[in-house]
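Here's the structure we're looking at; comments come further down.
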Amino acid sequence: MMKEIHKIPKEGRLEEFYILSTEWYEENVILTVVDNDITWTGETDSAKITEFCDALHKTKENFMIELKSALSGNEKEFTFSMEKDNFIVKKVDLKSNIKVKFCSIPLKRASSIPVFMTIVSELLDQDKINKKNMSELSHDVQDLKAELKTCKEKLLHFASEKASLETILYSKFCEILNAKKRRIADLESSIGECSRSSPEGALHISEHEKISTSVAIRHTNTTNSSLPKRKCLKEAVSEELSQEASNITIPQGESVLDNENSNHYDSDTEVETDDDSVVSNSAVIKTSDCDVSERTSQRILPKRTFSNSILPKRTFTGSILPKRISNESVNIKNEEKTNDLPQPSVMEIEEFNSQSLLDEY
């Protein structure tokens, strides 16, 4: 059971009101109405509620919920009136202002003094309960205010701590960044000093130099192979060789280049090639003892010259020359004797294999 006391306005007279006391049960409602100095009491049973539900096409649960909301006096779409000892509740359509009878509760006249005493007693009890609830709520409010104040203080403290930590982290980060920049600057200066202090004449074999050497050798081979059977070159050179035939003599058993000199070079010695030279930066010409001893026992070999050499003038340190070069890389063959010049045969340089020379490096 639940008791409620409300003040509801009269229909058509908003300045006047009814004092309404209700007792709610599961299937019925006991109603007490005070109109000035007149009191009425009445109730609705289960059969009456079922009749109202059928007329409105509502379920009992929905009807009881809506009736409780209407008797609380907070709904503007309901009006209340007394007609022939019946308490009439009407539902109003606010748009069309059409009123529909919601329910009708029969009432009986009752003594005013007991009713007033009951209502006053209920009001006092309700006031006591409300004060108690208000006291509890006020304590809760005070606790919430104290907690809010504490939270604000903690928030300010955490904000200051956050700011200090951010300052520390930022300073540390700046130190690390500056140290990194200084280290990079030191490394760059060291690299610059090393590049300035390195000797300008020192040569290092790189991929670019290897490619340049290979291209030069291939160009030489292409030029030599373009001559038809090398007869044009032999005829052009034979006249110059005949004039200097008496300048060089090779004893029997010796090679054109000394073995020790061809195999080992001092690192400080520089080998310079002129336009008339036939020695490239990738090989040193060496003759075998067997070829020379058979053909040049008592003959004079002329000094070989080339008027139009394709190799550019370059200077190399001894560090890039190989210390050992196979005797099989170059073979010296005797040229065919001509009728006009009874001179010894001209040495013929075989085509160099550029790939094999690069592998030896």
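Backbone N, Cα and C atoms are what each Cβ position is placed from, and that goes for glycine too.
Annotated features in TrEMBL:
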| type | residues | note |
| --- | --- | --- |
| COMPBIAS | 243-260 | compositional bias 'Polar residues' |
| COMPBIAS | 268-277 | compositional bias 'Acidic residues' |
| COMPBIAS | 352-361 | compositional bias 'Polar residues' |
| DOMAIN | 18-108 | domain 'XRCC4 N-terminal' |
| DOMAIN | 118-187 | domain 'XRCC4 coiled-coil' |
| REGION | 243-278 | region 'Disordered' |
| REGION | 330-361 | region 'Disordered' |
DSSP assigns the residues of the domain 'XRCC4 N-terminal' (18-108) as 23 helix, 44 strand, 24 coil
Using DSSP three-state counts, the residues of the domain 'XRCC4 coiled-coil' (118-187) come to 70 helix, 0 strand, 0 coil
Mean per-residue pLDDT in the domain 'XRCC4 N-terminal' (18-108) works out to 82
